[in-house]
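Chemist: Before I ask anything, let me first share the structure, which is written out below as structure tokens.
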Amino acid sequence: MSTDSLHALQRTSLEGLKLDWSYQFLTPQQLTDYASKRLPENFSDLREQLIKGCFENKSEGRQVTHTLSRSTESVVKDPKTSKFASIVRRLRSGNWLGATGKPITDIVNVGVGGSDLGPLMTSFALGEFASDVQQHKVTTHFVSSMDGGQLYAVLPVVNPETTLFIIASKSFGTIDTFANIDTVREWIKPAFYKAGKTEQDWVKDHIVGLSANPKAMTDYGIPAAHQLTFSQSVGGRFSMWSAIGLSIATTCGVRVFERLLAGARKMDEHFATAPVEQNIPLLMALTGLYNREERGINNLAILPYDGRFRHLPSYLQQLDMESNGKQCNHNGEAIDYPTGPIIWGGFGPNGQHAFFQHLHQGYDSFSADFVLVRRREGPQFTESVQESLAQQQDLSVANCLAHRRLMAFGYKGDSARDYYPGGHPSNLLVIDELTPETFGALIAAYEHKVFMQGVAWELNSFDQPGVERGKKIAVDVLKRMQGETDTSFDPSTEAVLKG
Ligand code: F6P
């Protein structure tokens, strides 16, 4: 981006969340022209269908209803009668007793992909809002990976008699999740047998199931009272607003969860009604499309400048890449144009000391989304600590703005060493103050951006056949490892299997 294309301030906002797209290549007029070229004629209808929960997921033959989990089908629509809310309250008040009569002190969410990333990201980001009603300390942990890596860290610090496991799995069949749960079952046995209890007692009192497959939960032995269900039509990567968000509520409280949904609903209304030039998700989608299609930029770096957003890049990787990383359109036909970019990134201030060198002077093109929280207060600290933290906040804001400028405008010093090409487009998402509402709105904005880009590329953004194929191959390899077949593979694979 040369200084010739330095545009005037382009900024739009929604209740404490601002999108500044001044550092994109498009001028407002070009953006409007591009929108008329890239938005299909029936885009308004498709958008309305999404918001009303009747957009069609063609390859899986069902509707797409995640927006309803924050409106008409919300698990906390009536917090007084909600099963979700009553489970959270029992756990957070110390009234949920384990099989040996002791109150639950630790909760472990066991799930992967959409059954992990959204709850983990949001619990971490909004953890400081947890102070509301918790009379009894309950700590929530997250376990996802099939290698059991997180169990090594979590199991030694929790007590089998006071730990409740959430099995979070839309399908209730994901091998990664059940591999972790099988290990947990081995781990609880000594304590339970010693106390004269059985594994069935453990399942009954120490498991809550979250799934779109109630039969599988019942078959597993989970009593109906400890099952929370959601619809098959809520995609896994869009499910943190549904029952899958239980661990967000056990961490932060039901009220915070309601506020999160309220923020997302605001973004739904905004997406549905704001004109293109003021519509945050549409602007993100259109500038992203332009970068991908017209500038050939194949990646987007997510660079949050606030530690509470640490898990945002991983969350957006699944949301975007699992949705739009495809070479087949929604009619099942091969396509020959580029689709969703590679999403990557990391916590900005640490990224500065790791990969920013490449961003400033490396060969490759990229685009970036900087995410900044403008104000943060720490009333729990003394005045002098608060002042020091405020200075740190200024330092972080200054660094974010500085690196963003250098990436956009570059710099030419006296030598090759002092040359920074610039020309890298970026968005700046500024959150005045992090609240459950602004966080919910931000995540919903990304969901709608992904939806709109999927529509423009004529994709079905709601399936993931590539991942399913990988899982099938893994089963073949595992069978061979366990001696069930004698299928042979390529030499490199064979070397490991025989090693
Ligand atoms: O990665 C494939 C996938 O199906 C994701 O779409 C999903 O979020 C994840 O696996 C976990 O699936 P489940 O919630 O059914 O265990």
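Keep in mind that glycine also has a Cβ here, set from the backbone N, Cα and C atoms.
Any TrEMBL annotation is an automated prediction that lacks curation.
As annotated in TrEMBL:
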ACT_SITE  Glu322  active site, proton donor
ACT_SITE  His353  active site
ACT_SITE  Lys471  active site
Chemist: Tell me the Cβ contacts of Lys471 (active site) under 8 Å, same chain only and six or more apart in sequence, or just say none.
Modeler: Ile175
Chemist: For His353 (active site), name the DSSP secondary structure in the helix/strand/coil scheme.
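Modeler: Assignment for His353 (active site) reads coil.
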Chemist: How many Å lie between the Cα of His353 (active site) and the Cα of Glu322 (active site, proton donor)?
Modeler: 29
Chemist: Does anything in the same chain, at least 6 positions from the residue listed as 'active site, proton donor', have a Cβ under 8 Å from its Cβ, and if so what?
Modeler: Gly113, Arg237, Gln464, Val467
Chemist: When a 10 Å sphere is centred on the Cβ of His353 (active site), how many other Cβ atoms does it contain?
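Modeler: A 10 Å sphere around the Cβ of His353 (active site) contains 8 other Cβ atoms.
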